[in-house]
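Participant: Next up is a structure, given as structure tokens.
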């Protein structure tokens with residue numbers, strides 16, 4: 001009996017004009033998980049704002065659903081424990097001190113002198129030592145969408161790490177190409193807040209990349225405001241308005257990447273925000289949801305196999321026949337645009 005059913009299945013699959021699993025194959029091309037890599041490359045007290053920048057973005061991506069297990073957080077300096085900090089274990093991104101962005105649930109993966117160009121490259125390319133714990137690894141694959149946010153001091157075609165080394169735009173482009181060749185991402189969204197930020201992604205040549213920077217070539221990326229109680233700037237302009245935009249989002253938000261590109265117009269940022277979309281060719285970035293990268297939302301297709309297919313592939317169960325089965329088998333299911341994943 002089982003042999004006859006097995007033969008029937010084979011005959012059906014080879015003779016059918018339409019592959020019954022075709023829709024499953026199509027849906028598998030969509031991404032299935034999101035990752036975030038958030039990097040502050042600056043140390044020293046006067047760079048307090050860079051730590052506040054990255055912790056603010058960290059808070060937003062966690063609120064939108066990306067768990068700590070899918071976030072790599074790199075802080076070159078620990079402002080919360082700095083002896084100059086009058087509020088130990090607290091970091092604020094606003095003079096009003098409404099939100100402590102350090103909080104009790106911050107999981108820093110790379111801290112202090114572990115924030116290096118070498119470690120950053122090793123994380124992206126998965127060339128870390130065998131003893132590296134899972135929590136410090138980027139365990140992405142060809143179905144992963146990756147959000148990379150970087151902040152610090154930069155210049156024409158480079159970003160400084162710890163004031164003693166730098167990563168160049170060419171090196172960064174080659175690293176991302178290695179990620180693509182090793183099938184470590186499906187789509188990638190690169191955001192950088194630094195001086196001459198656009199020069200960091202102008203060398204990119206790998207597919208499926210969107211990029212946005214806080215300033216164009218020859219422009220400085222400016223700070224937003226000073227907290228007189230600590231005597232330093234507490235956040236940069238681009239990140240301030242990006243955070244204001246992100247704070248209004250929910251997991252089912254319909255805001256797009258294009259909306260994010262325009263979250264900080266020139267009269268607010270002073271510098272001119274620049275972006276790049278030419279490598280993102282498989283779909284329209286103007287219709288691409290921001291939560292496809294900064295969130296933990298999966299798209300879902302409900303596929304209904306017809307009666308003949310179900311009867312052919314059910315080897316261990318009997319299909320219950322009823323008078324209205326033919327109507328059920330022809331029922332059209334609607335596309336469910338988004339489904340939040342709770343952790």
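Any Cβ shown, glycine's included, is placed from N, Cα and C.
Whatever TrEMBL says is automated annotation, not expert-curated.
Below are the features I grabbed from TrEMBL:
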| type | residues | note |
| --- | --- | --- |
| ACT_SITE | 153 | active site |
| ACT_SITE | 195 | active site, nucleophile |
| SIGNAL | 1-17 | signal peptide |
Participant: What Cα-Cα separation, expressed in whole Å, is found between residue 153 (active site) and residue 195 (active site, nucleophile)?
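Facilitator: Counting only the Cα atoms, the answer is 7 Å.
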Participant: Let me check the 10 A CB neighbour count of residue 195 (active site, nucleophile). How many other CB atoms are there?
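Facilitator: Around the Cβ of residue 195 (active site, nucleophile), 21 other Cβ atoms lie within 10 Å.
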